[in-house]
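As structure tokens, the structure follows; a few thoughts come after it.
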Amino acid sequence: MEDMGVHLQGVQKSFGPMKVIRGVDMEIRRGEFAVFVGPSGCGKSTLLRMVAGLEDTTDGKIHIGEREVTDEDPADRGVAMVFQSYALYPHLSVFENMAFSLRLAKRPKAEVTKKVQEAAAILQLTDHLEKKPSQLSGGQRQRVAIGRAIVRAPEVFLFDEPLSNLDAELRVQMRLELARLHKALGATMIYVTHDQVEAMTLADKIFVLQGGYVQQSGAPLDLYDDPSNRFVAGFIGSPSMNFFAATVTARTAGGITAQLDGQGDQSFDVALENPPAEGAKITIGIRPEHLSLTDGPGLRVAVDVAEELGGMSYQHGTLEGGEPVIFQQSGARHDMGGTTQTVTPEGGRIFVFDEEDKRIR
Amino acid sequence: MLTPKRRRRERRTAFLMIAPFLSIFIAFFLYPTFSVIALSFTDAPLIGKGEWIGLGNYAKLLNDRLFYTSLWNNFYFVLLTVIPTTVIALLIALAVSKLKGRMQALVLTLFFLPFVLPVSVVTMIWAWMLDFQFGILQPVIAAITGKPVPVFMNPYWVMPMIAVVTIWWTNGFNVLLLIAGLRNIPADLYEAAALDGATAWQRFRRVTWPLLWPVIALVLTLQLILQLKIFDQVYLLSNGGPFNRSYVVLMQIYREAFQLNHGGYASAIAMVLFLFIVVLSVLQFQLLRMGGRK
């Protein structure tokens, strides 16, 4: 228990009759970088605000470190939050913005100056301390907001989609800086995002949220390699996984043979420990990067749009039955637009889901 | 770059569009203003021509004891209304902004309702409520002072009471302005302050007050201009009395112009009041802006 950072037990949240969080358990160890990821409306921001104390908890318990904080005021929880809008005080200088919490606590001047200067040095804001937030660029404002959190030396840092107001280039740069900052401070951080790339690159542990539940949690690559349901499989990985309706035609020694619906002769052997019965309706999931061109039999894809990224290209197309397919090619200038290609999945990289979208392993 | 032809066409359209306003502005504002300025240097009656007497009217004004009395009453009235109404409006706005949805709209409407009434109705309501014999507020006054007071005939009560009526009448508008200002302060600033450990008072002092200051300065300035022009309520409630204790500058202008037929002299008083309002309001607004920047 001593390395406990944040611990949620059966946490629920309702707004009137609307249940937003329907029972969440999670353990985040001290010093861990946890990321809540999910589509908009999944409750991830609400959950973060409940940890912060900005939203009441309808049911369940929240622990930060050893302390139960479910009914504590935000200020007493030992958390600092970086808002999506940065929430900088427009009438105060950068220095005063960062010093705000210390001023409220009436700390001695020398201590305030020292702490703010230290935080400013970490974030390269030393030259901007006298400026007002309106005189700063988006990235600098973001850093001031982070600086305000650092000055408080909280047990837990909370980030609510902090990079979503930055342009793409700056986002990548700030992402790196956040990762370095986490290494340097070693504090527990919880980070909310809808961007699965941010989640994959930053997290020690990802919590995929949807419909008020944690769908799956774990290390980024564990989620990628071993998703426990169709939602997680589709959400983690970019571009997202291809899904095809299929039927089990036979049970083999180590798994099943599945035939894609509407594709006639196309069938795959998939190794499974708990194979479903013959004739069962299933969904097959294959990632774009696990589909490769073949001269032999395979899926015939009519490519209509090719996204050429230079080192990589994504071929978008449809099967004969109209199901959309994406497959990935390394390198560029394949000139596949308008052609029909035959692709086949790598062995061992086919995921199977049952009719409730649960993974069959 | 616009071609000269296109620019000419745009200018013509622009002129056509502002022409209705411009013509009315010239006919009903600019022309009368210059007429008053010209009139103030003559001994003209209200209608008809007068002799040019230079600064004669202004010299006469310097020795007019009633003018000093009215001017003093104007400032007294400003003192009684401007800051009190702003403070009251701020308190109401802060309370109303805590309410949610329809309840907020309803309460806001209730506070705004008096502002909709015409001044004659407002003064009628209050004249009745404060009536010496039948007024429902007289028992309240009697409870405080020990006996009923004919407020609009009492030299000490008359100005404060007119101030109360005025504040009751116009306060809703200030509440509206301040509510709009409060709504412009992003909620996450308060959330950030709460996380930083700010108490309710600290949140007001360090977030609300500095961010609302421009609106407060605007309200104070609008009030100053409005209250320096006090006339209707005084005319209807006390007619300047008793003993000229509620006599105000606009009242003197009205009497000189329309009752004594001294067009030139009334114009001179109007010019002086006009200058007072311009100087005071510009001065106040600049001072308030400096206070906000600090």
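Using N, Cα and C of the backbone, Cβ positions are placed for all residues, glycine too.
Taken verbatim from TrEMBL:
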DOMAIN    B:71-284  domain 'ABC transmembrane type-1'
TRANSMEM  B:12-31  transmembrane segment
TRANSMEM  B:75-96  transmembrane segment
TRANSMEM  B:108-129  transmembrane segment
TRANSMEM  B:157-180  transmembrane segment
TRANSMEM  B:211-231  transmembrane segment
TRANSMEM  B:265-288  transmembrane segment
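Counting only same-chain residues 6+ beyond the ends of the transmembrane segment (B:108-129), those with a CB under 8 A from a CB of the stretch are 92, 96, 135-137, 152, 161, 165, 168-173, 175-176, 179, 232-233, 236-237.
Counting Cβ pairs closer than 8 Å and at least 6 residues apart in sequence, the transmembrane segment (B:211-231) and the transmembrane segment (B:12-31) reach fewer than three and form no contact. Counting residues 6+ beyond its ends, the transmembrane segment (B:75-96) has Cβ neighbours under 8 Å at 104, 107-108, 111, 159-160, 162-163, 166-167, 170-171, 174-175, 177-179, 181-182, 204, 208, 212, 216, 219-220, 223-224, 227-228, 230, 248 in the same chain.
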